[in-house]
């Protein structure tokens, strides 16, 4: 069991959170949730021993092991991929290292012989003889091919290194497992594999994720970090949302009743306190008022941006016609002879494993990349709004937030229209004076949504738009795209996002491109996957 006792973390004058006392155990899987900036990752670092709290402490049962998903993807460059995974089990790795050292000696002393015999017993008890096989299986699960297993980590591409570190955390199979954003950099199929692996484990887990479907599939409890406090609810994310909403509504309703009661008593006191015959009753009611205590309703750190995408000019019939489209690089074509006819109003989800060509397809459709062959023909009146996955180039100038958004004013827009958009997207009057380039990833994402709101395109193309967003922004974006009347083409690894939006699926595989008319759940059923 992992226990936090009166944990407080303070940066500057205001505490990030305070007096958190909670027990994590029993093989439960806790989803640690809260708005960006509420302190989730900070609290996770404190639980893992990587950060000292301002006050309080964290204790782990002495016979239990703790494991965690590391974020330092360049820390193992000189090790093989397989060894990096095995290093997740610290005790096993240390025994293996000492055992290998003794066997590598030119001559083994009698003392070395006794020592290595003891090490062999420990190695066997920790299933060391199957370590490479188990590590290899996990690497295949996260998408690392066999030919890379014995190579150095330095040859694994950034992003994919994080997959190796996920395999490392899973290999540890500890009593307590801490996972901070384990689905980052994973495609939708690998996330489904991870859900199955975690559900088969007996470890107590604490998981930070913005993937609602993942939290629903894996978590048995939700730990909500809000109001500077931590509250634990039984159930998955959807069940938590219902329970938390009902609890807050009950609190507000109880306070409303108490306020009405106070007002009624106060009215009596005001009318009759000077009346000699009723002064005792007035005094009694005044005492009743003193006894009524309103529950404190703290301001939530959660805020939902207001996102709505409108069309300036509607299209009719076909939005896009693609014929014989082929695009590749030095290693050959990513997709070949792709034909696609997209009708107005369709919402097309482009799926596939990482590196298969999803972003390349979108870049080719918008003209950022030229096809090797084939044609891309948009409707004559198409007005395209594009959200690129890598959009840092849009923020390289020195414009303030207000100046940056003002670039996208349309005919008839004034300064107030820009301020209105920024306000809906949760940027304060102080925020809009900041340089846009210093904004966080989530804030830059909201800025790009504002750009698209001002442009009023009739076709939206979005490449991983939920990256860096908090849960509230994801849900607001999800609703905005559900209400959008135009045509949508998007890439996402968020299962809930894809399931709720897609009316058509385009899956790119190394062998072919699959075009399926229907939603994602229907597509999975067509493949025999539930």
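Note: Cβ is positioned from N, Cα and C throughout, glycine not excepted.
According to Swiss-Prot, the ATP 1 binding site annotation covers 34, 35, 36, 37, 38, 39, 40, 41. Under the three-state DSSP scheme, residue 38 (ATP 1 binding site) falls in the coil class. Residue density at residue 38 (ATP 1 binding site): 23 other Cβ atoms are found within 10 A of its Cβ, drawing on all protein chains shown.
Every protein chain considered, the tally of other Cβ atoms within 10 Å of the Cβ of residue 355 (ATP 2 binding site) stands at 15. Summarising the annotation, Swiss-Prot assigns ATP 2 binding site to 352, 353, 354, 355, 356, 357, 358, 359 and lists sequence analysis as the type of evidence.
Marked as domain 'ABC transporter 1' by Swiss-Prot: 2-252. As a whole-number mean, the pLDDT of the domain 'ABC transporter 1' (2-252) in this prediction is 93.
The domain 'ABC transporter 2' annotation in Swiss-Prot covers 320-526 and is backed by sequence analysis.
Ranked by CA distance from residue 41 (ATP 1 binding site), the binding-site residues 352, 354, 355, 356, 357 have 354 at the top as the closest. Using a 10 Å Cβ-Cβ cutoff, residue 358 (ATP 2 binding site) registers 27 neighbours. Cβ atoms within 8 Å of the centroid of the Cβ atoms of 34, 35, 36, 37, 38, 39, 40, 41 (the ATP 1 site) belong to the same-chain residues 42, 225, 301, 470, site residues excluded.
Annotation for residue 39 (ATP 1 binding site): same-chain Cβ neighbours under 8 Å, separated by at least 6 residues, are 9, 16, 17, 225.
For the pair residue 36 (ATP 1 binding site) and residue 357 (ATP 2 binding site), the Cα-Cα distance reads 30 Å. In the three-state DSSP scheme, residue 357 (ATP 2 binding site) is classed as coil.
Cα-Cα distance from residue 34 (ATP 1 binding site) to residue 352 (ATP 2 binding site): 30 Å (rounded to the nearest whole number). Here residue 356 (ATP 2 binding site) comes close to 334, 508, 509, 510: these same-chain residues lie at least six apart in sequence, with C-beta atoms under 8 angstroms from its C-beta.
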